[in-house]
Amino acid sequence: MSREQLVVQRARKSFHTGKTKPLEYRVHQLKSLLRFISDRRRDIADAVKRDLGKSEHGTELFETLGLEGEIKLAIEKLSEWAAPRPVEKNLLTITDEVYVQPEPLGVVLIIGAWNYPWAVTLQPLVGAIAAGNAAVIKPSEVSSHSAKVMEELLPQYLDKDLYPVVTGGVSETQELLKQRFDHIFYTGSSVVGKLVMEAAARHLTPVTLELGGKSPCYIDKNCDITVACRRITWGKFVNCGQTCIAPDYVLCEPSVQSRVVEEINKSIKEFYTDNPKTFEDYGRIINQRHFKRVMSLMEGSTVAVGGDSDESQCYIGPTVLKDVTGESKVMKEEIFGPLLPIITVSGVEEAIQFINEREKPLVVYVFSNDNKLIKRVIAETSSGALLANDCLVHFTVSALPFGGVGNSGMGCYHGRHSFDQLSHLRSCLIKQLKMEGINSMRYPPHTAKKGISLEEPLHLCTMLCIC
């Protein structure tokens with residue numbers, strides 16, 4: 001029996017003891033997770049620094065701060081989320097107890113990603129714990145230092161049997177996917193997402209797939225281009241462009257392309273100085289394989305800003321590419337790096353057409369002062385989310401479901417959405433063994449010989465409703 005199989009068996013056996021059912025136990029585990037982040041803040045920051053070259057402040061801002069907020073929200077709202085949810089009744093059930101009862105699914109597999117190795121791995125865990133599940137946690141082997149810290153330290157705070165951490169590479173993940181789970185939560189690429197879904201189908205296991213894609217960013221020529229470019233620059237180059245919801249490319253009219261390039265260049269210098277390579281808040285590409293992949297995407301495009309690199313440090317400077325077309329190499333896959341292509345279009349109509357000719361993205365960004373134009377983009381495109389006049393910040397709103405559509409993913413999480421996603425919403429109806437006369441019309445034989453018209457039981461129901 002493999003190590004992975006043993007881990008899953010232990011988790012299921014522990015789940016079947018019923019220890020996760022009481023809300024008090026779930027709250028205790030959530031508080032322990034919160035304490036882990038507080039106690040091990042330096043270990044987490046050091047690991048992320050070694051994996052991605054991210055500063056301690058960057059880790060705090062983009063990894064642990066939001067995670068702590070999610071945990072605190074779950075602790076505060078758990079009794080409300082887990083309570084029976086009354087639903088509207090019809091005339092035939094007016095005297096019955098009718099409600100939805102959230103219940104745990106069982107054992108959940110969480111496969112994390114390397115670009116934000118703590119946030120996108122542990123935020124689904126918050127939902128799994130809150131919903132009363134056991135969870136097997138598989139951090140990405142690509143962010144190896146974070147995975148090692150998670151494996152060594154998390155079991156010191158959480159129940160080791162219910163919430164085990166399994167490390168390893170492709171073979172270990174494949175072995176995990178052979179096991180039966182009650183839900184699989186995967187964050188990563190669409191290519192691997194398809195493999196996860198294929199493996200889950202063998203057990204009819206539902207999946208949440210948090211994928212990515214090429215998120216477009218349309219700039220209306222009449223908007224405040226300076227402000228727009230500052231926000232786009234921030235959203236694109238944070239974490240060295242390795243963000244699933246980063247603007248992947250810009251769409252704008254030819255008349256403002258030069259201005260857009262100029263303003264983005266100014267913002268790069270403002271945010272990262274004239275030498276981003278030596279600046280603490282500018283990170284690195286995760287490894288040399290991805291470095292080579294990103295560098296190859298520049299082939300055939302004109303570099304308008306940046307373009308400098310150092311393979312020995314996995315460094316690629318903030319780069320803007322101009323005069324790009326839909327057929328350029330950089331437009332054939334999600335960039336996931338610090339390259340920002342600019343594609344010119346005649347206006348919003350052509351921008352919408354360009355977006356709709358491609359896979360549905362995780363986000364559509366639009367910058368405009370014209371509310372009608374924004375609403376048109378909402379009405380005529382489809383994406384996991386739409387954000388007007390800013391980048392990334394919708395991720396911070398726990399009340400908004402975060403997830404993709406089509407090729408950018410399925411399912412959603414954050415806040416109550418995480419709880420619901422990892423719960424079975426069970427329909428419950430409790431009827432009393434009384435007032436049997438109301439049921440007379442539903443029992444056979446269905447003939448007029450019974451001497452009861454259809455109106456009679458409905459009349460009784462109406463009277464009960466009035467009473």
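Each Cβ is built from the backbone N, Cα and C atoms, and glycine gets one as well.
Copied over from TrEMBL, here are the features:
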type: DOMAIN; residues: 7-426; note: domain 'Aldehyde dehydrogenase'
type: ACT_SITE; residues: Glu210; note: active site
type: ACT_SITE; residues: Cys244; note: active site
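Between the alpha carbons (Cα) of Cys244 (active site) and Glu210 (active site) lies a span of roughly 9 Å.
Note: Glu210 (active site) has non-local neighbours Ala113, Val120, Phe185, Tyr186, Thr187, Gly188, Cys244, Phe402, Gly403, Gly404, Gly409, Gly411, Tyr413, i.e. same-chain residues 6+ apart with C-beta under 8 A of its own C-beta. Confidence in the domain 'Aldehyde dehydrogenase' (7-426), given as mean pLDDT, stands at 97.
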